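J.: Just passing along the structure, written as structure tokens.
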Amino acid sequence: MKIWYLIIALFLVSINLRPAITSVAPLLETIQQDLGMSGTTAGLLTTLPVLCMGIFAPLATKISERVGLERGIFYSLMLITFATALRGFFGTVPLLIVTAFLAGVGIGIAGPLVSGFIKQYFPTKPGVVGVYTVSMAIGAGSATGISAPVYEAVGSWKPALAIWAILGVAAMFVWIRFPGKKKAEILSEKTALPWTSGRAWLILIFFGLMSSIFYSVTAWGAPIIQSMGYGSVAAGSMLTAFVLIQIPSSFIIPSLVAKYGYVFPTLIGCTIVELGGILLLISGGHPLLAMLLIGLGAGGLFPLALMLPIIETNTYQQASAWAAMSQGGGYVISAMGPMGVGAVYDYTGSYTAALYGMVTIIVIMGVIQILLWTTARQTTLKR
């Protein structure tokens, strides 16, 4: 297939990997009040998809071996689209939990397959990860910024959540053109997950800690800002800024790293920027600046974390396996973030303790990055 079609396909699958999660955040308080949910239960709406993304990511390699990367991605899109559309029909806590589960399964399987897709079709261009992450940021930002206005326009949060199924339908029209895997192409030698690699474990832990910060801020950023005395509209706008600033940073930073190298110093720099944003929230600084700093750091960290399995491996099968392990275990770790923030808030009545917890996580993340840097191969993008 032509390069432009591959890029469009990558864009459309990637843009579908976040709205099922981020569309909930600006409506979380409304849904809580409407359904009488506690903070812990509300946190589950964003925690459960992330947890499922971790638990089911290792299935990606099996599905790839069975039906191929492309058809596996198509089936994942079907599941995400179905789960998202279902939210428009019933407004109950059990249904929201079920749809969160199904969406998480689909996203969890798609993630490692997309990494393998990039390795297979763009083996010498790891910077294409920038297209992947920019597309996810666009999807996340659109869902964060548009869901609340849709709710205001129609007077119900159900269609505001379900409308994002349209993106899935559009992606399925493109991905259905990819052929399934022929029997002759099924690998005789299976690619195992790198459970015995200490380096793979470091990447897994780093991915988990990084994602826990991202999803905690995504789920609770608006309520944290509201607790500082700002209204829901202002809080939603600042959360949207957190997401939108990731669009340029998630494209520019991996592109520069792919061209000039120095992946690990760049990781550490992004971590310092993100830490500065959290400290600004704790000190009572302006939340808009804080959210921009956190988003700028997160926008660089995420694509570089996705790039690591690609640059550490030699084949697309290995890339999918490393990505499945890092995303599988990593998302399980990160799922504790939003639920932990909700639980701490229920217990203390304040977000301060949770923010200090984020500081601790970011510091540990930086230590792991230094370990990865000092043990990197000389060929790993100039270290």
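Just so it is clear, glycine is given a Cβ too, placed from its N, Cα and C backbone atoms.
According to TrEMBL, the domain 'Major facilitator superfamily (MFS) profile' annotation covers 2-378. The transmembrane segment annotation in TrEMBL covers 38-60, 72-90, 96-117, 129-148, 160-179, 200-222, 228-248, 260-282, 288-310, 322-345, 351-373.
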J.: Verify whether three or more Cβ pairs under 8 angstroms connect the transmembrane segment (351-373) with the transmembrane segment (72-90), leaving out any pair fewer than 6 apart in sequence.
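T.: In this chain the transmembrane segment (72-90) does not contact the transmembrane segment (351-373) - fewer than 3 Cβ pairs sit under 8 Å.
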J.: In the same chain, which residue numbers or ranges, 6 or more beyond the ends of the transmembrane segment (260-282), come under 8 angstroms Cβ to Cβ?
T.: 213, 224, 253, 289-301, 304, 307-308, 311, 352, 355-356, 358-359, 362-363, 365-366, 369-370, 372-373, 376, 380-383
J.: Tell me, please, if the transmembrane segment (288-310) and the transmembrane segment (38-60) are in contact, taking contact as 3+ Cβ pairs under 8 Å between residues separated by 6 or more positions?
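T.: The transmembrane segment (38-60) and the transmembrane segment (288-310): touching, no.
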J.: Considering pairs 6 or more residues apart, do the transmembrane segment (200-222) and the transmembrane segment (160-179) have at least three CB pairs under 8 Å?
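T.: These two segments do not touch.
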J.: Could you please provide the mean pLDDT value for the domain 'Major facilitator superfamily (MFS) profile' (2-378)?
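T.: Summing pLDDT over the domain 'Major facilitator superfamily (MFS) profile' (2-378) and dividing by its length gives 89.
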